[in-house]
Amino acid sequence: MKPEFVLPAPIRLDRPFDGRRRVVIDRVFPEIDGGRFPVKRVEGDRMTVEADIFTDGADTIVAELLYRRKGEAAWSAVPMTHIGNDRWKASFEVGAPGMCEYTVQGWVDHFETWRKGLQKKLDAGQDVSLDLRIGATIVELGAARAKDEDAGTLHHYVGLLSVGGSDAAVEAALSEGLLAAMRRSPEKAMATLYDKILLLQIDQKKAGFSTWYEFFPRSWSEEPGKHGTFRDCIKLLPRIARMGFDVIYLPPIHPIGLTKRKGKNNALVAGPDDPGSCWAIGSADGGHTSVHPELGTMEEFEAFVQEAEAQGISVALDIAFQCSPDHPWVKEHPQWFRWRPDGTVQFAENPPKRYEDILPIDFESEDWQNLWIALREVFLFWIGKGVKIFRVDNPHTKAFGFWEWALGSIREQYPETMFLAEAFTRPKLMARLAKGGYTHSYTYFTWRNTKHELQEYLTELTQTELREYMRPNFWPNTPDILHEELQGGSRARFIIRFVLAATLSSNYGIYGPAYELCEHVPYPGKEEYLDSEKYEIKQWDLDRPGNIRSEIAMVNRIRHNNPALQQTSDITFVKIEVSQGQEHDQLMGYVKCSPDGANIILTVVTLDDRNTQGGWLRFPLEKFGRPHTERFTVEDLISGRTFEWNGEWNYVELNPHQMPAHIFRVNLPS
């Protein structure tokens with residue numbers, strides 16, 4: 001039976017109109033595109049919701065945040081707190097991965113309104129006999145709603161209040177016992193329920209904090225020039241684990257086409273021994289659900305995944321929905337591709353560039369439903385082999401509706417699945433992919449290099465609505481991108497960009513071993529590696545002098561030991577001055593704090609990889625409720641040294657040839 005091809009729509013609550021519902025609920029936050037898309041959190045996070053809630057006049061109101069797992073009937077309720085100016089707030093701890101729903105409701109509390117009015121009249125010395133009898137009527141209605149013991153308690157209070165203006169009646173009216181019993185039996189018949197049920201996507205913990213390492217399996221044979229295998233890669237796992245990575249990302253592991261195969265450095269004609277680009281997927285040996293024969297068997301791949309998991313590492317697979325001309329789909333499903341007037345299949349183009357070894361899939365095919373099913377089956381196949389994380393190649397060049405349908409339906413079956421969107425494209429496209437189901441997003445971090453650029457970009461990612469649904473994953477390099485910042489070959493520059501990625505974002509990755517070996521030679525005139533591993537098998541010397549493997553391992557240990565660095569959004573940039581009133585443009589500092597406030601990390605990085613830089617740093621003591629003159633200590637987790645700081649302004653200095661960064665753990669007096 002074919003699946004239903006329906007995209008989600010905002011869930012609106014069409015309750016019959018009743019003019020007696022006086023409470024107004026407005027500006028619920030977070031809410032993405034009117035409830036069209038889910039907010040995202042990670043299991044164990046707290047989900048905080050705010051809303052404007054008010055009514056006419058001065059009556060007291062009560063509000064609740066409601067939440068439940070999608071598909072459940074009953075709601076859990078959390079009382080909301082008034083935080084000023086008719087703004088209300090509440091939170092709850094999210095559970096296991098899956099989809100949740102939440103909304104808000106509020107109602108007039110006639111008992112609280114009456115009780116407050118009674119107290120004011122008593123304070124003014126007025127007669128309250130009639131008011132007490134009015135209160136008895138309100139409490140009697142509460143008794144009718146109450147259950148078991150509370151019903152009897154409230155009937156008792158009705159008797160006391162009905163007497164009128166006696167001291168006993170007044171005492172009963174203001175008693176905590178009556179208040180507690182009435183709060184347990186609220187009058188919700190005329191409650192206003194927000195007109196939308198909003199969605200909350202809960203992801204596995206690695207969605208919030210992960211450390212990625214990309215490598216090409218074919219380059220890891222112990223025999224020079226020989227094609228590496230999954231068995232060879234198992235031997236790499238301890239080294240990768242020691243560096244502190246918990247996600248291994250493999251470029252496509254499928255059979256590679258022969259037709260129009262690319263040669264070394266993307267040459268149009270391949271030599272007899274050139275392995276081709278692994279993104280030219282498909283040959284007589286199979287397509288997207290097959291492994292390249294020279295890498296090994298499917299059983300050996302599964303063994304690799306299992307061994308990685310045993311060492312605390314998840315395996316992420318690259319999914320590239322494109323085909324070589326030799327892919328079985330070209331013959332089996334020609335309707336999924338575009339054909340030119342001369343009868344040849346349309347290859348990929350970005351005029352004037354031509355990519356004749358790759359065929360794009362036609363998402364306007366008349367057979368689009370079967371196409372969608374087949375593409376989704378690729379994910380499901382690899383999930384069946386133990387893969388839970390996918391990096392998707394160029395998703396912005398495929399139909400957005402497909403991603404929303406496919407990722408949503410996959411997540412319904414396998415809620416722990418993660419998807420990284422490799423989309424270096426326009427901001428609105430990147431945002432839509434994140435809204436439509438992608439767990440992580442590649443970013444513009446690679447091209448943000450000055451202090452102003454970095455701070456402006458991080459502010460956009462963490463202080464706007466983007467923070468509610470788009471999780472950045474920072475990569476200082478990829479097999480496709482060697483930014484000019486790294487082309488100078490400075491070891492310090494590689495450490496600088498690494499530390500920035502690892503401490504600005506809780507999710508980051510590197511393409512290795514090119515990065516830890518400070519590989520920096522570009523193809524002339526391009527942001528690409530010379531002799532790119534995309535087109536050839538490399539033989540790496542992992543112990544090459546000048547590598548930064550120990551620095552990577554150290555910073556990753558710091559990340560794992562400090563919860564403040566395991567989140568992205570709580571970041572405060574600090575002022576660093578070269579002289580009074582003059583901002584330092586080469587020293588950048590930022591503070592992160594764990595959700596419970598117990599772990600505070602201050603990172604200071606020099607952006608100058610050649611010269612020593614120093615300046616006066618202002619630590620934001622007021623953020624932590626401390627006076628500007630507070631004395632405290634900071635421990636540099638890189639050097640192991642501890643410094644005593646006196647007040648908010650303190651001097652910092654970095655020599656890039658020693659270490660271009662401080663990662664301070666801030667210890668404020670208890």
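Cβ from N, Cα, C; glycine included.
Per Swiss-Prot, the candidate among ASP357, ASP570, ASP585 that belongs to the alpha-maltose 1-phosphate site alongside LYS262, GLN322, ASN394, LYS534, TYR535 is ASP357.
Packing around LYS262 (alpha-maltose 1-phosphate binding site) is summarised by its Cβ count: 24 other Cβ atoms lie within 10 angstroms of its Cβ, all protein chains included.
Counting neighbouring Cβ atoms within 10 Å of each of the recorded positions (ASP357, ASP393), the lowest count belongs to ASP393.
Across the residues annotated as binding alpha-maltose 1-phosphate (LYS262, GLN322, ASP357, ASN394, LYS534, TYR535), the widest Cα-Cα separation comes to 19 Å. The shortest Cα-Cα distance between ASP393 (active site, nucleophile) and any of the recorded positions LYS262, GLU422, LYS534, TYR535 is the one to GLU422.
The Cβ of GLU422 (active site, proton donor) lies under 8 Å from the Cβ of ARG391, VAL392, ASP393, ASN394, PRO395, TYR442, each of which sits 6+ residues away along the same chain. Taking all protein chains in view, 14 other C-beta atoms sit within 10 angstroms of the C-beta of ASP480 (site 'Transition state stabilizer'). With every protein chain in view, the residue among the binding-site residues GLN322, ASN394 whose Cβ has the most Cβ partners within 10 Å turns out to be GLN322.
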